[in-house]
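Data block below; observations after.
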Amino acid sequence: MSRRLVLLLAVVCGAAVANLYYAQPLLDTIAGKLDVSTGLAGVVVTATQLGYAAGLVLIVPLGDLLERRALIVRLLLACALALALTAAAPSFAVLAAALGAVGVTAVVAQVLVPMAATLAPPEESGRVVGTVMSGLLIGILAARTVSGVLSHAFGWRSVYAAAAVLMLVLALVLWRALPRQRIAAQVEGGYRGLLRSIPGLVREEPLLRRRMLYGAAGMATFSVLWTSLTFLLTDAPYDYGDATVGLFGLFGLAGALSAQAAGRFADRGRLREATGGFWACVLLGWALLAFGRSSLAAVIAGIVVLDLGVQGQHISNQAAIFTLRPEARSRLNTAYMAHNFLWGAVGSAGAAAAYALAGWGAVVALGAAFAVVAFLAWVREDAAHDPQH
């Protein structure tokens, strides 16, 4: 697998997943332009998330049944269409529906990751997954900044128009660059049987269940931070505006560095040790963030360290589960990512409630609690039973 193709897949993953996050810094602007309340404007974020959750469950497993190149290109074209509709939406209802469709089709990134693991030689699979996921993580964290800059310069609709063009271009490029790939999954009952087999994989694979626990705690603690950070930075003593708050996403780009390290640990059979180290980083990150009310340096350092840990453990989890059943990698990824998504929603809701009830200190306690649960689970892990995972 050429380095050029690996980098291309990383770019596509980042661009696809960025579509989920463009709206977050634009809510006030969208509310004003479409004459709705700021609270109602938040529905577009929920619609996108619900669409993504549906895509994880209903679309991603098809990677184990259909020819993957065609599936990926069709999803990118559908995403381009949904983004174009978003850019042209004449009303708030149309906007919410279009962004729901964007969420469904943005799961193309989660079809690409298992495909990359399958295309790579076994001894390089961890490195390749780490590189591709680096692109995805950069897309998540850069989306808010890119969205804010484009919206400020050309209006909020320009964000989605540009994204639509990008998806169309990437669809054409991937059609030429990707090899055809069909995974001959032995599943009775066609598509329905494919979906019904997912709970069975969870029951039969203890490694998958363990990594789902780590992933859920990671997504929850990550969501606690990024949901509540805006509250901290727009409140006294900082009182920053939306554009400045959006720039803080750039500090999280350090997490992409840990993706590469996690991939190398996977190829060397050192995932268990790496997982413990990454969770120690998460705990250290929350310890620094505890001083966030009085120290901007603590906020920045905490973001960097926490993101290093969260993203590193996430890549470790995916590298581990992709060693299980090559013919079921898309379904394994569905189980893992859908569970993550659920707990990410729990973390977001919990963060908003914690900040409203008791301020930043309660947010730190909640985020650290998720990390402590994962770290204790790692400590109790039976290393003798599964030393590499």
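A Cβ is built for glycine as well, from the same backbone N, Cα and C atoms used for every other residue.
Given the ranges 3-24, 245-266, the record in TrEMBL names 245-266 as transmembrane segment. Through the fold, the transmembrane segment (278-306) approaches residues 214, 218, 221-222, 225, 229, 232-233, 237-238, 248, 251-252, 254, 258, 262, 312-313, 316, 360-361, 364, 367-368, 371-372, 374-375, 378 of its own chain, all at least 6 residues removed from its boundaries and within a Cβ separation under 8 Å. Sequence-distant contacts of the transmembrane segment (71-89) (same chain, at least 6 residues past either end, Cβ-Cβ under 8 Å): 12, 16, 19, 59, 62-63, 95, 98-99, 101-102, 104-108, 111-112, 115, 157-161, 163-165, 167-168, 170-171, 174-175, 178. Here the transmembrane segment (245-266) has Cβ contacts under 8 Å with residues 25, 125-131, 133-135, 137-138, 141-145, 147-148, 226, 229-230, 233-234, 273-274, 278, 281, 299-300, 303-304, 307-316, 319-320 of the same chain, all six or more residues outside its ends. Using a Cβ-Cβ cut-off under 8 Å and counting only residues 6 or more beyond its ends in the same chain, the transmembrane segment (36-59) has close neighbours at 19-20, 23-24, 27-28, 30, 75, 92, 95-97, 99-107, 110-111, 195, 334, 337-338, 341-342, 345. If you average pLDDT over the domain 'Major facilitator superfamily (MFS) profile' (1-385) in this model, you get 87. Among the stretches 95-116, 128-147, 159-178, 352-379, the one making the largest number of Cβ pairs under 8 Å with the transmembrane segment (213-233) is 352-379. Per-stretch counts of Cβ pairs under 8 Å to the transmembrane segment (128-147) identify 95-116 as the leading one among 95-116, 159-178, 352-379.
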